[in-house]
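> Dropping the structure in here first, questions after.
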């Protein structure tokens, strides 16, 4: 599967990259301001506060009028629209607030349209439609559109705005001219292109186009050959399907007939981009930003087709292939076949193009105005037709919800009510009158499939009729009173004040789209509703259908079936072998050792060797009768195989097929300590080698041929008897090589894991008279589980672990055992620019899983009635996916936190995964981290959180800084970030111990000072600080529960960032007196988890991995995590360990002289090492979980002859302790990587 970025890059190259494949355009510089050059008449809006607040003043940086657009009322129904005059390629947008005011928009939706009708939202990700706006009136928020869009009209819809003002906007649009050729098909027309054989590329066909339609079905292109071979692209129920028929009936089905499906809801009358690359045996298929790839294993050629290709349909419906689908009804744009402009050829009426039917070269269709019901509280109230003696209502709807109120009305004369609801995907129409039995009609089925469905209902005389998609149902009624039109028709729901029929009940309102509404044979114009001249409404979007397919792409893993409603999706994991919200977690243990640990006895079991990875569970036999647990994998040739030549021809080798796939075998062997396979060779005048030349061999997993036999090294060609010197004939290295007239045998054990399992055996020396051979291949046997029993000990305070970046963009899980006596500590953490994950022991009885994927910090906490720091093993399992985050510890009830329905979904990390780095700072010590030498600080203009390189330094529109500290000294400088322009950020403790954060983003102004209460933070306990700035808005979180937000007055950008300083700083440039006083005093205590964006200064200082611009002065001692309880001072030797040792540390120690720093209880100096050590379990499988996480395995390699006693004792102690706890709770279920 190709990524979205790769697919877009390929599409852009094809369409805009040059003359050969696309239209000549503006090249790479498509960023010209488009809106500022337009006349005022090109801007329009929903309403305006006054003439001076009109839309004509809404260009970026304009100061005339009131300095921007503001609507009459600030609510979510307002919009600002710009007409670019013609379709343009739009690559970026920018927004400002109203000039010199308190009015700005903090978030908005961007919509686009070709005609000013039928708007569509631009979505930044699969689930994100909103854009971040401004934090003040005058700063510019610029956003790059990836991919760009093509449209004539843009509309900005404010979602939220300044809490101290109202909606205020100034905007700019960036892009360039967009050139295109169009062709329109009416459903009965087509183009047939006949090309020269010499013009066809022998290696690949490339077809690119854009299309739009309001029809759900139709053939877009078709090319065929002999024997029903064909390639066809068609719409089926709003999905795009590429059909490939190789014409090779003798091939298995996947090669003979391939079907690739992309997209959904493509009948939205918006442009969709298609790219098809068709090779001899492979196909690459891209729709918009999603791709599929197909590789055939057979030898049939998909390019062996006729030299004709049709577009828009099949003329005469083909000569050899019959299709029930209709021809295409809609428009194509920029249609290219191998670089040939098909539309241009058609316009020129060349002989290569055969035009069938009515084909035109423009794209104009009557506009249909849909209405979106956004929530269960949405409704549309429309007046009835006075004086009619009948009821008549028609409309079309589409939805994913299985239930909802569609229509309700009450007659003008008499208490007769009509209610139409969607219930379990069916329509139910009810007619009721007090004192009379209600009459119901049920019609239709499966109506919650996202397709448009037409509804027509009528009541006249004594007949009630309803028609759904052309199928009618009716019922007679005996109601009394006059039949007339309802006074008001409520569609989709009811106002809160309404107590009419169908309102206020348990049935929720309708969520979905309606169009073509007609009441009393009179069509309803939704634009009049939007303008306030017809009916009333709540929570609607008019002139757009906002229905999205939440199952595209599907986040259900391992074959789980996706279903959806308006605002969420769910996965059916039945029969997949996996569980969880996205079918991510395996139901099965990862090894036979894990089954034995649970107390199971020998037998057949499913094991899932890669856990939540792509490989499915495998059925194996677990032999637990010995001290060693063996995993047995059988094959189809366990019986004695006899080999004898026929007519002196060499016998064919026997192929072995195992009960699990080769990928599963690979995973089983990768996780095992030892694998072997027994092969018994029986020979009668049949040799394994003749005069040193092999005449028999076996083939391994990767199809390599081997001529060595068990017990010997590869290439030695010796059997076990040859190595042991006890062959029947001492002249030979194998018994079979003696070629005796009686039966002899060699029993060999093959034990090189990289060559196993055996896939075939060939014994070819059976062509001589009376020569025979036979063999028996045993099952594959594997023992040991290096992920189950693997562990690491932290024998010194300077030991540490670090891993590659955690890869779990859409789903990932982490599991491990830990034990400790410490009251708190971070198990594992990984950071991105703003995203992060963290697992920690927050208090003695709380384990917390926290993360941020762009929607704000999310936490899941499991609390225990008994402490976790009891020096016993505890099992932790955390999972995060696009649906939810879960955390389970031991057998305590798991905790779950749901993800927002329309939030960011991808976790994006870029730093190494590591255990917290901590350091003790002595008096006068410091660490200075120079940003100028760290070019890996990523930049982007898409977010204010990213940096842009300016003035030889880093200019930041926003940043995130974190640190943890423990001290008793005041005043103290905790963090100082300087700039070349005397701008700075400082975090200090004042003389009374209170926390202050100071920002100075303009050297000509005084710093902004943020006092975080009057609490004394110099109390010897651990405190955590997180600072997050976006432009002028600064959010500060202390100890993960106290949060505050302020707005800076000194500026919005941190210009030319130079260095980050910790500890004692002499004469910091531009510092205010309080920061200067704290910097001279410096810091004496423990600092941990210091971050500024992706920069980790303590990690760079304590664990240098290469040339780094970090300066260390004085005694900075590597320490264990600062989160230790108060107690006596630790030995002074730890404080005096010099940093020049060059090793990172996870040890502990006090300060170097000066005031005494309260330290940890040292009753068990290895305990905190145990807490950190077990983090290795977190990622033992990270490198094998494809597209999710990478493993880092710590392998204990066992020598065949001897094993060091220390290694034995360590592993034995670990097994003994875990198994002892297992016997206490046999019901415990544990997960391992």
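Backbone N, Cα and C define each Cβ position, glycine as well.
Predicted, not measured: the structure shown is a model, and the values here were computed from it.
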> Of 1125-1157, 1158-1190, 1191-1223, which span is tagged region 'Disordered' by TrEMBL?
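Based on what TrEMBL states, region 'Disordered' spans 1125-1157.
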> Counting by DSSP secondary structure, give me helix, strand and coil numbers for the domain 'F5/8 type C' (30-176).
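Counts, helix then strand then coil: 9 helix, 68 strand, 70 coil.
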> Looking at 30-176, 182-363, 547-584, which one has the highest count of Cβ pairs under 8 angstroms to the domain 'Laminin G' (944-1122)?
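Result: 30-176.
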> Using DSSP, break the domain 'Fibrinogen C-terminal' (583-635) down into helix, strand and coil residues and give each count.
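Tallied per class, the domain 'Fibrinogen C-terminal' (583-635) gives 6 helix, 18 strand, 29 coil.
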> For the domain 'Laminin G' (944-1122), would you mind checking the mean pLDDT of the predicted model?
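A mean pLDDT of 82 is what the model gives the domain 'Laminin G' (944-1122).
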